[in-house]
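Below is one structure, written out as structure tokens; the observations come after it.
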Amino acid sequence: MSRTRGGGRHLDEDDIRVRARGGSRPRTRKRPKHEDAREGLVTAVDRGRYRCLVDGVPVVAMKARELGRGSIVVGDRVDVVGDLSGRPDTLARVVRVRERASVLRRTADDTDPVERVIVANADQLAIVCALADPAPQPRFVDRCLVAAYAAGLEPLLCLTKADLASPDEMLAIYRPLGLPYEVLEPDEGLEELRSRLAGRTTVFVGSSGVGKSTLVNRLVPGTDRAVGHVNAVTGRGRHTSTSALALEFEGGWLIDTPGVRSFGLAHIGPEEIVRGFHDLDEFAADCPPDCTHQADAPACAIGAALDRGEADPDRVASLRRLLSSREGEDDSEPAPQSPTP
Ligand SMILES: Nc1nc2c(ncn2[C@@H]2O[C@H](COP(=O)(O)OP(=O)(O)OP(=O)(O)O)[C@@H](O)[C@H]2O)c(=O)[nH]1
Ligand SMILES: [Zn+2]
């Protein structure tokens, strides 16, 4: 039972708005609890339409009015009612968003007070960074790490284009963080990476040209078409404007984020970053309120632990670098190799 008034004609955004505002809605027989709702997973969002996988069938849905302004994002587990056939020109309704196990957020830049949830329920953040062409951007990686720690996602560093340059320098920077990482070449197998992705929900982020699409395509062949030419929500032939797209992968999900080039970190406090450093977090409990934990912070307990030889200097340097990554705005330029004390 499609909600179209005029039969199975093409629905567009205006149709929906008109109908949602319209006063006479003979179709709504009240089903307050939506007992017939089925659970779905949101795999793409495009201008008020949600593509949901419901019992293995991709269904396009709109948001039920009763949900108000709350956001629905890729990765959300939702309850869906209405036409769940998945046939063209049918439109179901999302009536509930289930509690999220995690939310990955961003702001447009570090001063933007409006934070936006990009993806829900992910558990891993694959940070794609090229070793050359474009030059590695540790600053971008740092900001992604901060976003991952704040969201409670496990970071996974994917260093691409290893055929062009050595990973040694980048690995030296990130080794103290104990990150899982993958060094990737175009002609080498992806077995280890695959095993790290299987059964999990992984968000891929990367700045332009680092080879993220190439990598996602190698993992899930055929996504090029889905992303580039066919609208991921409606399946129709026009370019998509989705900001994220979930692809099934070996018992889990890969979530590509074509529109996400950087993370504004305005919404993330220093505590959330320190929380990602389990070995330093306990020292921080003794810091004065609003401690910056930087080298010049008075009475910083992390600094004191460093002086006593109880904190790992490389870890402290990494923490300080991540803390200061909140202060800049521009992700796009390669980071100056700042020698952190
Ligand atoms: N040498 C080399 N080139 C690669 C590798 N991976 C991707 N490339 C090339 O790098 C360029 C950018 O790759 P994309 O996969 O489009 O990069 P992207 O990160 O998706 O960037 P956008 O398309 O801007 O989102 C393309 O010309 C690829 O062929 C690699 O491992 N080695
Ligand atoms: Zn401190």
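Glycine residues also receive a Cβ, built from the backbone N, Cα and C atoms like all the rest.
All TrEMBL annotations are machine predictions without curation.
Feature annotations, courtesy of TrEMBL:
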type     : residues                                                                     : note
BINDING  : T160, K161, A162, D163, G206, S207, S208, G209, V210, G211, K212, S213, T214 : GTP binding site
BINDING  : C287, C291, H293, C300                                                       : Zn(2+) binding site
COMPBIAS : 9-18                                                                         : compositional bias 'Basic and acidic residues'
COMPBIAS : 19-32                                                                        : compositional bias 'Basic residues'
REGION   : 1-39                                                                         : region 'Disordered'
REGION   : 322-341                                                                      : region 'Disordered'
Quick one: pull the CA-CA distance for C300 (Zn(2+) binding site) versus T214 (GTP binding site), whole Å only.
-> 44
In terms of DSSP three-state secondary structure, what is the assignment for T214 (GTP binding site)?
-> helix
C-alpha of G206 (GTP binding site) to C-alpha of C287 (Zn(2+) binding site): distance in Å?
-> 34
Neighbourhood of K212 (GTP binding site), C-beta criterion under 8 angstroms, separation at least six = V128, T160, F204, V205, G206, D256
Would you say which of the binding-site residues A162, V210, C287, C300 has the most Cβ atoms within 10 Å of its own Cβ?
-> V210
Name the one residue among C287, C291, H293 whose Cα is closest in three-dimensional space to that of S208 (GTP binding site); these are the binding-site residues.
-> H293
Give the sequence-ordered set of same-chain residues, not counting C287, C291, H293, C300, with Cβ within 8 Å of the centre of the Cβ atoms defining the Zn(2+) site.
-> A284, P288, T292, Q294, A297, A299, A301, I302, G303
With V210 (GTP binding site) as the reference Cα, tell me which of the binding-site residues C287, C291, H293 is the closest one.
-> H293
Enumerate same-chain residues with a sequence separation of six or more from H293 (Zn(2+) binding site) and a Cβ-Cβ distance below 8 A; give 'none' if the list is empty.
-> P270, V274, A284, C287, C300, I302, G303, L319, R320, L323
Sequence-ordered binding-site residues from T160, G206, V210, C291, H293, C300 with Cβ under 6 Å of an atom of ligand 2 = C291, H293, C300
Consider only the binding-site residues A162, C287, H293, C300: which of them have a Cβ under 6 Å from an atom of ligand 1? Write none if no residue does.
-> none
